[in-house]
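Student: According to TrEMBL:
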ACT_SITE  His506  active site
REGION    36-63  region 'Disordered'
TRANSMEM  115-135  transmembrane segment
TRANSMEM  155-174  transmembrane segment
TRANSMEM  194-211  transmembrane segment
TRANSMEM  217-234  transmembrane segment
TRANSMEM  362-385  transmembrane segment
TRANSMEM  415-438  transmembrane segment
TRANSMEM  546-568  transmembrane segment
Amino acid sequence: MSSTSADASDGDHIVRPRPRKPLLLSHLSQISNASDSGLLTPEIGHGNGNGNATGMTSGRSTPIPVDAPPSVFSLSSARKQVRAEQRRRIFPTIEFASRVSHFDPNSDYRDFHGFFNLFWIGLAIMAITTMLRNIKDTGSPLRVQIWGLFTVKLWHLAIADFMMVVTTAVCLPLHRIFRAAPVGGALTWHKGGMAIMSIYQVIWLAIWIAVPFELGWAWTAQVFFLLHTLAILMKMHSYVFYNGHLSETEKRLRALDNPSTASRAPAYLYPTLENPMGTIASPKRAGVRADEDSDSAPEDEEVVQLREDLARELTSPIGNITYPANLTWANYLDYLCCPTLCYEIEYPRTAAIDWQNLISKIAATFGCIFLLTIISEEFILPALVDASQRLDPSFRTAESPLTAFEALLVLSETISWLLFPFMLTFLLVFLVIFEYVLGAFAEITHFADRHFYSDWWNSTDWMEFSREWNVPVYSFLRRHVYSASRPHIGKSYATVITFLISAIGHELVMACITKKLRGYGFVCQMLQLPIVVLQRTRWVRGKKTLNNVCFWCSMILGLSLICSLYVLV
């Protein structure tokens, strides 16, 4: 070796660094800057026979002795690799791989929260610019035509809404009467209770639909009251019919205390998400029946299994409450406040209220109502008023009567002006109901299941949209309409009946808004069925992008078309 080797050969066996010239201050400054920028990094390596450092060393590092332990060499090698990875390159390496963009249909990326924030920023910009324009034109930031409707007969609305909810409380005492009735009596659920409650619901609905018309409410109060009435009706129906089923199940379970005279028909399990049709027999009972056919199964085994099925049906899914322990006023009041339309004995609950989340949802609810009012005042109402005046015969002279072509042109122009406002209105109504109002009630009641909607915006047909846009109503219709009617009339007719009931509800809402019963909304919703059949043909089925575009176009165009027809025709 060179000087270092020579020093080591003097007999002291001490490895010393190579002597260097003293560095000037300017040299020290250059080395310091280079070291800070990563261009100069001292290395430790083996010296070669010429005294120069080998490998990745700088040539000035202290070499490792030949007889050093292996661990020293491992540490030196690791340091070299780390410094080599961190060394700056003039042309950095770019990694290329087979990847898709975030918006690609095959992408697994699902986080578009930034676009949600952008949506709200855009609405805020719209509201601010609208108010500034109103200040310029009228001196006031807001128009007051719709704002004034919110306070018209407000106490009438509050009292009527309270009484509407209170009148559903007869369900609990009536159900206790049905449960206490003897087996085979006239007041059991199957004999007389179902008919009594069905008649009561029809009369109850007719009365509360007529109240707003009789009191002459504004359309804003009438729409709110009607929507709340329909929601409470579905809650009442689910409560009485599910508890009625449980009362009959309890009677069957008590009857099995004397198996010789009790019915051994399979237990009826009420429809759930896992059992949407509601009629299944236990797999064990099916095996018992097969054994009975071979005369090898004991008779008592079927009774034991039937008891287990009936007892399981009387117990909540979570397992903490068993019928009839749920027949209390506290349970009924809690159910009325929970954001669901399908009654269960017990629901999953959260541990505590997230107050920050609750306050944000309440604030967002009023924010959505504020934006909805601005859109209606500034974009929807002016277009409809202008079209009504242009179609009014009193504004025409005898020399220039309104022709059919001009009327069609006005209607088409009005629909086009309403396309974007109604799209925003639709999105805001969705947010205020399913994200904020239901979310706030879920937070207040500790209701843990917040699956109020799915990704309906990716729907490819109206059937998929009906399942994912309004999960509470869909669950109710599937449980209490579709599953109840399908065993008697078949799948196709049950689907038609379900759409028919939904279309009637939508038509009632439009009749309350416009004070007209035209049937446009009813017809348009029933037309969804043949459209679904068309979209599921082999020529269209599978084209997700095309079907989703068609869904959105028909949704936006349908809202503007229906509103224009109700107001102008």
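Using N, Cα and C of the backbone, Cβ positions are placed for all residues, glycine too.
Since we're looking at a predicted model, the values are computed, not measured.
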Student: Should anything in the same chain at least six residues away from the transmembrane segment (155-174) have a Cβ under 8 Å from its Cβ atoms, list it; otherwise answer none.
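Tutor: Residues 193, 196-197, 200, 204, 208, 211-212, 215, 217, 221, 224-225, 228-229, 232, 235-236, 239-240, 327, 329, 332, 336 contact the transmembrane segment (155-174) from elsewhere in the chain.
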Student: When only pairs 6 or more apart in sequence are counted, do the transmembrane segment (546-568) and the transmembrane segment (362-385) reach 3 or more Cβ pairs under 8 Å?
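Tutor: As far as Cβ distances go (cut-off 8 Å, pairs 6 or more apart), the transmembrane segment (546-568) and the transmembrane segment (362-385) touch.
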Student: Using Cβ distances below 8 Å and needing 3 or more such pairs, separated by at least 6 in sequence, tell me whether the transmembrane segment (362-385) contacts the transmembrane segment (194-211).
Tutor: no
Student: Which residues, given as numbers and ranges, are at least 6 beyond the ends of the transmembrane segment (217-234) yet have a Cβ under 8 Å from it?
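Tutor: Tertiary neighbours of the transmembrane segment (217-234) are 146, 149-150, 152-154, 156-157, 160-161, 164-165, 168, 201, 204-205, 208-209, 211, 336, 341, 473, 476, 480, 505, 508-509, 512-515.
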Student: Using Cβ atoms and a strict cutoff of less than 8 Å, what residues sit near the transmembrane segment (194-211) while being 6 or more residues removed from its termini?
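Tutor: Residues 160, 164, 167-168, 170-171, 174, 225-226, 229, 233, 236-237, 240-241, 244, 508.
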